[in-house]
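Annotation source TrEMBL lists domain 'YjeF N-terminal' at 12-213. Feature annotation from TrEMBL assigns (6S)-NADPHX binding site to 58-62, 123-129, D152, A258, G321, H372, D438. The annotation K(+) binding site is assigned in TrEMBL to N59, D119, S155. Under the heading domain 'YjeF C-terminal', TrEMBL lists 223-492. Sequence annotations record features per position, and here TrEMBL assigns AMP binding site to K408, G409, A410, D411, T412, G437.
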Amino acid sequence: MTGPVLLTAAEMGRADALAVKSGVASASLMERAGEGVAAAVMRGWSKRPTVVLCGPGNNGGDGFVAARKLAEAGWPVRVGLLGERENLKGDAGLMAGLYGGEIAPLTPALLEGAGLIVDALFGTGLSRPLDGAARAMVEAVNAHPAQVLAVDLPSGIDADTGDVAGGDAGAAIRAARTVTFFVKKPGHVLFPGRALCGAVEVVDIGIPFSTLEEIRPRTFENQPAIWAREFLRPGFSAHKYSRGHAAVVSGGRLKTGAARLAARAALRAGAGLVTVLTPPEAAAENAAHLTAVMLREAADAAGVAAVLEDRRFTAALIGPGAGVEPETARKTLAILRAGAAAVLDADALTCFADRPEALFEALREGDILTPHAGEFARLFPDIDIAALGKLEAARRAAARAGATVILKGADTVVAAPDGRAAINVNAPPDLATAGSGDVLAGMALGLRAQGTPGFETAAAAVWLHGACGQAAGPGLIAEDLPEALPQVLRALLTPPEAAKDEGGS
Ligand SMILES: NC(=O)C1=CN([C@@H]2O[C@H](COP(=O)(O)OP(=O)(O)OC[C@H]3O[C@@H](n4cnc5c(N)ncnc54)[C@H](O)[C@@H]3O)[C@@H](O)[C@H]2O)[C@@H](O)CC1
Ligand SMILES: [K+]
């Protein structure tokens with residue numbers, strides 16, 4: 001599997017070294033990288049005055065190659081360099097020599113009359129926030145009307161976190177397009193990096209894919225390829241009992257909607273049976289709104305435990321609408337002791353804020369936690385998302401909890417306790433609406449109830465949730481999302497050949 005693999009800066013360095021070890025010349029990697037950039041320029045824009053901004057490392061080396069290729073094609077090119085020409089080392093020094101044209105100092109005056117700017121200041125080697133001449137240049141570029149093509153990454157973006165180095169006080173290029181090499185980096189898919197990249201193109205520079213066998217990447221773009229879609233299709237011998245029985249714990253009388261939303265999503269995601277466990281005082285309210293979803297009373301933690309003694313329950317969800325009272329923590333622990341797989345959301349997470357260890361001790365590997373950033377901070381107060389980035393924070397949290405963590409947001413990160421992580425890219429902003437998270441938890445519940453492992457369940461649920469958001473479109477409300485699942489699943493499970501037949505008949 002290579003398509004959805006993401007490599008960190010360190011892993012990319014290893015890929016580079018392994019390629020060279022296998023006999024690929026390092027200068028040829030840079031030559032092809034720069035060639036790819038020049039080709040993208042010529043494909044993307046008509047001929048116009050182009051300014052190439054080169055940095056002091058190999059990103060700048062790619063810039064010199066691109067400038068040479070553009071000049072050879074008759075493009076009017078100007079090159080600016082951060083630092084001194086004689087300080088360029090290795091392949092970058094070589095490529096600066098081969099460029100042959102004038103190399104100007106890096107000042108905003110370079111941009112006068114530019115119709116296009118190629119940003120080759122920094123790539124995966126960025127090691128601190130931009131300052132001095134680099135920062136002044138980046139600010140001038142962002143204020144300039146010409147579009148920007150970024151080489152590898154928009155300069156200022158951290159390849160591993162997608163953050164602007166230095167945070168709000170830092171600076172980074174805003175690009176219309178980004179050309180990267182071999183495979184994408186996490187910084188291309190995590191915000192704000194994702195937004196600053198514009199359209200991302202991946203260019204093959206001759207690094208053999210066999211290097212991935214040695215690197216064993218653990219970070220992926222969340223695509224169906226990473227969670228083999230077979231589990232979404234019931235086998236021919238399936239019956240409702242073989243597809244799992246999911247339980248959803250309902251909140252009190254005025255907070256029952258969240259559980260019903262989740263229950264419906266679980267049923268649509270393929271759980272054979274779904275039962276809402278309701279406090280007696282909310283039974284009438286729940287009963288009035290349920291049809292295919294079943295209903296049982298469970299007054300408290302003991303009641304939940306009693307229902308789940310029936311081992312045909314394969315998974316249970318608590319959190320949506322649950323309330324942060326101590327009884328929610330007791331019910332959560334009852335679920336974890338019962339042996340069914342657990343999906344814990346919202347209040348079921350927050351109610352452990354004062355004693356997270358009690359929760360972590362009870363969790364098992366297949367369990368799933370679905371915090372947003374606020375819930376995450378309450379449960380993992382010493383894992384600082386702002387300092388570590390979402391990816392590393394989610395990874396540490398999953399290792400700490402011993403369960404899969406879905407750290408929700410526009411770029412939701414799914415992390416497993418074994419170190420695997422997936423970054424989601426298909427969620428439209430329309431999903432930021434009341435009840436949307438309840439539906440996601442329900443989708444995870446429905447998949448987990450069928451025996452799908454925790455990480456695959458979580459990644460698939462997040463992707464399906466995003467796809468349902470796209471299918472429902474602008475104006476969507478949470479109720480629309482489970483209803484969009486059949487069309488999303490049909491598209492996902494229809495082989496391309498059959499889809500052609502359907503379209504053509
Ligand atoms: N790894 C690979 O396989 C390949 C990498 N290539 C290019 O090489 C790049 C990585 O090259 P490098 O490792 O040389 O790193 P960069 O070129 O990204 O930058 C490193 C240089 O900038 C300095 N620096 C870092 N942050 C700075 C800051 N904030 N202000 C001022 N100076 C700063 C460093 O001290 C170093 O001199 C990639 O992004 C890519 O563009 C390509 O040539 C093709 C092959
Ligand atoms: K760059």
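Cβ coordinates are placed from backbone N, Cα and C, and glycine is handled just like the others.
TrEMBL annotations: computationally assigned, not manually curated.
Keep in mind the model is a prediction, meaning the values are calculated, not measured.
Feature map: annotations from TrEMBL on the structure.
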residue	record	contacts (Cβ under 8 Å, 6+ apart)
N59	K(+) binding site	A120, L121, F122, G123, T124, G125, V151, D152, S155
H372	(6S)-NADPHX binding site	L407, K408, G409, G437
A410	AMP binding site	F191, A427, P429
D411	AMP binding site	G162, V189, L190, F191, R194, K390, I423, N424, V425
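Largest CA to CA distance in the AMP binding set (K408, G409, A410, D411, T412, G437): 14 Å, whole number. Here the CA atom of D119 (K(+) binding site) lies 17 Å from the CA atom of S127 ((6S)-NADPHX binding site). Within the same chain, residues at least six positions away from N58 ((6S)-NADPHX binding site) with a Cβ under 8 Å of its Cβ are M30, G90, D91, A92, G123, G125. Rounded to the nearest whole angstrom, the C-alpha distance between T412 (AMP binding site) and D119 (K(+) binding site) is 28. Mean predicted confidence for the domain 'YjeF N-terminal' (12-213): the pLDDT average there is 98. N59, D119, S155 are the binding-site residues among N59, D119, S127, S155, G409, G437 whose C-beta comes within less than 6 Å of an atom of ligand 2, given in sequence order. Sequence-distant contacts of D119 (K(+) binding site), defined as residues of its own chain at least six apart whose C-beta falls under 8 angstroms from its C-beta, comprise L53, V141, V148, L149, A150, V151, P154, S155, I173, A175. Remark: of the binding-site residues G61, G409, G437, the most isolated position is G409 (fewest other Cβ atoms within 10 Å of its Cβ). Apart from K408, G409, A410, D411, T412, G437, the AMP site neighbourhood in this chain, defined by C-beta within 8 angstroms of the site C-beta centre, holds H372, L407, V413, N424, A427.
Closeness to ligand 1 is met by none of the binding-site residues S155, H372, G409, T412, G437, no Cβ falling under 6 Å from the molecule. Classification of D152 ((6S)-NADPHX binding site) by DSSP places it in coil, neither helical nor stranded. A coil conformation is recorded for T412 (AMP binding site) in the three-state DSSP classification, outside any helix or strand. A coil conformation is recorded for H372 ((6S)-NADPHX binding site) in the three-state DSSP classification, outside any helix or strand. The binding-site residues T124, S127 differ in how many other CB atoms lie within 10 Å of their CB, and the one with the most is T124. Taking the Cβ of D152 ((6S)-NADPHX binding site) as centre and 10 Å as the limit, one finds 28 other Cβ atoms among all the protein chains shown.
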